[in-house]
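One structure is given here, and the rest of the page talks about it.
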Amino acid sequence: MTADLFPVPDEWATQARIDAAGYDRLYAAAKDGPDAFWLEQAKRLDWIEAPQKAGDWSFDEADFHIEWFADGTLNAAANCLDRHLIERGDQVAIIWEPDVPTEEPRRFTYRELHAEVCRFANVLKANGATKGDRVTIYMPMIPEAAFAVLACARIGAVHSVVFGGFSADALAGRVQDCDSRIVVTADEGRRGGKRVALKACVDEAAAQAPSLERVIVVRATGGDVAMGERDVWYHEAAAQVSTDCPPEPMNAEDPLFILYTSGSTGKPKGVLHSTGGYLLWASLTHEWCFDYRPGDVWWCAADIGWVTGHTYILYGPLANGATTLMYEGLPNWPDASRIWQVVDRHRVTGLFTAPTALRALMKEGDAPVTATDRSSLRILGSVGEPINPEAWRWYHEVVGEGRCPIIDTWWQTETGGALIAPLPGATALKPGSATRPLPGIFPQLMDEKGEVLEGATSGNLCITGSWPGQMRTVWGDHDRFFQTYFTTYPGKYFTGDGCRRDEDDYYWITGRVDDVINVSGHRMGTAEVESALVLHAKVAEAAVVGMPHEVKGQGIYAYVTLNGGVAASEELAAELKHWVRREIGPIATPDAIQFAPALPKTRSGKIMRRILRKIAEGDTGALGDTSTLADPAVVDDLVANRVG
Ligand code: WT7
């Protein structure tokens, strides 16, 4: 197995912020004296009132609570802006790279960003936003999206960013769930040369979201949009306000943001993050994992609609005073060289992207990569799904020319930032493994019976204690928070992931063990796609499972039972795909639809997903025990008519 081990290169071991001994020291300190350790770490933030208390938590039902730095006061936006003004006010904070490569990038120094955020904050205030209000942000990847996020943080409003690729229905549900009165949007978004009608989607959503009173519209493309009574042009409102806006003092436990994510059941959950703990985790992990140092140009190629964008485009890098790149477009548009051209144009030192993007680019061969320079790169990150060793090696050898450590970060929307990941100066790498837990993170593998598994083994991944970046609740449903994460294995946080631990104590995430699938690094609840399908008038029942997909990691495979008298056809399959796309968004579009006269159910009426998964995977030889099915013949029909 030694061939699969990439030791820490000498120059990294000697120059990185943290070497192997440093990691061991941090890990031991966090374990042996957590209060002192975390209070010391917390000093990296700028507190209005420094905390005297670190973590105070219990995962037990009787005393369930999670708090960090609860007597501390700070403002997240001031940490990302104001405190940098003296030392690096003229340093570039955000580089914005436009969709169209012939257009000019935009750059904002910390001083300029500070002014823009204050201006945006005053526009929010002028429209009635106050501390604790929820503001929904439905934006393309333009600088104003960052201004809006930080403006909320500045005035203590809770932002809920909804990915610009979600449908009007999905947006309406999220606006309504957290009672947002204000939505911030743009006329249109641009991606890969195409336009996305964001404002029109907000109008459609408004019809189903009575809480919505005000829509602040940024003019991004200049495209035609209808402006109604509740709509305000941002540029008009901005001309009326000053750039003076003092940051609101927030308790460390005050909410910073909500981010909706799919679960195994029902509608998306509003994952709520706190101000102090989250910001500390974002800042600390950005420095630990990516060996951040002044002068770096950091590019996290995610969308701010996902937690990766929150933590590693905005909060982490800006809290650390970094230069962070925000890219409007797609990695492979206008051609497969674009991502590397952007790296060269801005002399990017660290790139953080998803395996799905790497697999798509790999298919185009090495030439689009080798045609570019990339000599500025020193670190490469991966996130969102397991990275297959083949993509890992390509990233390492072709993209990084063997020079850059690959930092495979395992985490979740719920965890706020990375939990299991290598430190470039400390951890030998193994392609496909997220390697070792970060300091303060204590993973455990559990079996189905609730027993702790020791040594080299596979099981369900739990985290035994809290860490500052842990989510605090599900918005509006604290009981759901407890039920979802703390009841499967009482006293522990259950991640929903399966995992293998090898003989070197390295962790290998094997994927979700619940009814959540991972499509191109995006989390999708199969139940959500099923609900969308059964809303269609011709559909009686639907069951959705994941299937292996060469580029996306997992694709969406839907079994559909039609209402009596409705005939199956190619056209209907296409119509249903389009339907789901409209109901949820393009990322939820099924890759395959199989019409089935019936679904395999137990005698008590439970759909046997295990069988559906196997058929979708094409693994029809080993369907296992089907004797408990109400009608075993159903399976033969499914196997015979498999799509793909
Ligand atoms: C799920 C969380 C992490 C932020 C973006 C996705 C999977 C994430 C990895 C990785 C293997 C990974 C897990 C996790 N996942 N990163 N490096 N290796 N699997 O956040 O949408 O909340 O999804 O993504 O299954 O539970 P998310």
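Positions of Cβ are set from backbone N, Cα and C atoms, glycine also.
Residues GLY384, GLU385, PRO386, ASP408, THR409, TRP410, TRP411, GLN412, THR413, ASP497, ARG523 are recorded by TrEMBL as ATP binders, and the candidate that the same record lists for that site, out of ARG374, ARG378, ARG393, ARG512, is ARG512.
For the binding-site residues LYS194, HIS536, counting C-beta atoms within 10 A of each C-beta gives the highest total at HIS536. Cβ-based neighbour count (10 Å, all protein chains) for VAL534 (Mg(2+) binding site) stands at 14. Residues from the binding-site residues list (THR308, PRO386, TRP411, THR413, HIS536) with a C-beta closer than 6 Å to any atom of ligand 1: THR308, PRO386, TRP411, THR413. When Cβ atoms from all protein chains are considered, those within 10 Å of ARG512 (ATP binding site) total 19, not counting its own. If you check the recorded positions GLY384, PRO386, THR409, TRP411, THR413, LYS606 against ARG191 (CoA binding site), none has a Cα inside 10 Å of its Cα. Within 10 Å (C-alpha to C-alpha) of THR308 (CoA binding site) lie the following recorded positions from GLY384, THR413, ARG512, LYS606: GLY384, THR413.
According to DSSP, the domain 'AMP-binding enzyme C-terminal' (528-606) comprises 24 helix, 27 strand, 28 coil. The CoA site in the record is lined by ARG191, GLY192, GLY193, LYS194, THR308, ASN332, SER520, ARG581, and its two most distant CA atoms lie 24 Å apart.
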